[in-house]
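Undergrad: One structure, pasted below without further comment.
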Amino acid sequence: MFQQNADGSPALKQIEINTISASFGGLASRTPAVHRHVLSVLSKTKEAAQILSNNPSKGLALGIAKAWELYGSANALVLLIAQEKERNIFDQRAIENELLARNIHVIRRKFEDVSEKGSLDQDRKLFVDGQEIAVVYFRDGYMPSHYSQQNWEARLLLERSCAVKCPDIATQLAGTKKVQQELSRVGVLEALLPGQPEAVARLRATFAGLYSLDMGEEGDQAITEALAAPSRFVLKPQREGGGNNLYGEEMVQALEQLKDSEERVSYILMEKIEPEPFGNCLLRPGSPVQVVQCISELGIFGVYVRQGKTLVMNKHVGHLLRTKAIEHADGGVAAGVAVLDNPYPV
């Protein structure tokens, strides 16, 4: 997201990293055609040609296909871990269809199905309903509420298997807010990128202020500053899925309750990014189509595949632009607040 600096200049700032169940790669692959069509109907063919091509579903499938290939069994399947009531199924189907075009078959199962019908053989090969699994693709399991005891046991079975996990538990944890905050500490990037001061500087320039709420002087100071100027901060729990962050008076109330409790260590504080609003029309069910003040958030889809410690693939495969009215502090597309959008280069 672009932060508007005091002098009016823009600065690109990172909001977060998602390492599990990154959504809308499928639908984002189709929105360029929608906007090109709308502009063409309005006889704006020149503007329609400016809409960037985007096909993250193909790129995401490419990464899963590479993992399937590395597994080395032509008859093995991809297991997609799905929620029981999945509203975003057509987004997922786009990736499934890309895999099927490569003759890689996908089966959809819930954690409960894995618990009841999943097993490992003596070589830790994973079987579900008697079918060997090469890759486990998680589109569930990113929130604590997704896990019953049975589901935890199913996740453990999957982690113990030799099937490729997308992601494994370590990669999922690497995407938490706490890890993001720790990466911003002086010396951490330098240790991860030794001898690359320019790369470190470029990365650090994208970080907004990130503050630990660990027990002690550092955490106490962060809470004091947030309570004194709540409009400058966002309180973030270790959660994914949208709609979890706290702003303004809600944040103040939460910090007052948490400040003397060890529960505060499960949150971080982040500097609130202040982008410049712009006028746009949002097409949402039940809402009139009118120009409102909006902000946008640009996400970049990446695919990372490794075999042991050997890097196999690490590439950008597309983008996702989400736009929402400025009246909404938090919430995304699934929450009915934001809409899928396309960048328009000028």
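Each Cβ is built from the backbone N, Cα and C atoms, and glycine gets one as well.
Just so you know, TrEMBL annotations never went through curation; they're auto-generated.
When I checked TrEMBL for this same protein, it listed these features:
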BINDING   Glu16, Asn18, Glu240  Mg(2+) binding site
BINDING   Glu16, Lys177, 236-245, Tyr247, 270-273, Glu297, Lys324, Asp330  ATP binding site
BINDING   20-23, 86-88, Gln92, 139-142, Arg322, 333-334  substrate binding site
DOMAIN    77-174  domain 'Glutathione synthase substrate-binding'
Undergrad: For the domain 'Glutathione synthase substrate-binding' (77-174), what's the model's average pLDDT?
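TA: Reported value for the domain 'Glutathione synthase substrate-binding' (77-174) is a mean pLDDT of 97.
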Undergrad: When the Cα of Pro237 (ATP binding site) is compared with the Cα of each of the binding-site residues Glu16, Asn88, Gly141, which one is closest?
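TA: Of the binding-site residues Glu16, Asn88, Gly141, Glu16 has its Cα closest to that of Pro237 (ATP binding site).
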Undergrad: Within the same chain, and leaving aside Glu16, Asn18, Glu240, name every residue whose CB is within 8 angstroms of the centroid of the CB atoms belonging to the recorded Mg(2+) site, in sequence order.
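TA: Other same-chain residues near the Mg(2+) site: Ile17, Thr19, Ile20, Ala22, Gly175.
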Undergrad: Between the Cα atoms of Arg322 (substrate binding site) and Asn18 (Mg(2+) binding site), what distance do you get, rounded to the nearest Å?
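TA: Approximately 15 Å lies between the Cα of Arg322 (substrate binding site) and that of Asn18 (Mg(2+) binding site).
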Undergrad: Nearest by CA distance to Asn18 (Mg(2+) binding site): which of the binding-site residues is it, out of Glu86, Asn88, Gly243, Tyr247?
TA: Gly243
Undergrad: Using DSSP, break the domain 'Glutathione synthase substrate-binding' (77-174) down into helix, strand and coil residues and give each count.
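TA: Secondary-structure composition of the domain 'Glutathione synthase substrate-binding' (77-174): 40 helix, 26 strand, 32 coil.
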Undergrad: Quick one: which of these binding-site residues, Ile20, Glu86, Lys272, Ala334, have their CA within 10 A of Glu240 (Mg(2+) binding site)?
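TA: Among Ile20, Glu86, Lys272, Ala334, the ones whose Cα sits within 10 Å of that of Glu240 (Mg(2+) binding site) are Ile20.
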Undergrad: Give the number of CB atoms, excluding that of Asn18 (Mg(2+) binding site) itself, located within 10 Å of its CB.
TA: 15
Undergrad: Write down the Cα-Cα distance for Ile20 (substrate binding site) and Lys324 (ATP binding site), rounded and given in Å.
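TA: Between the alpha carbons of Lys324 (ATP binding site) and Ile20 (substrate binding site) there are 23 Å.
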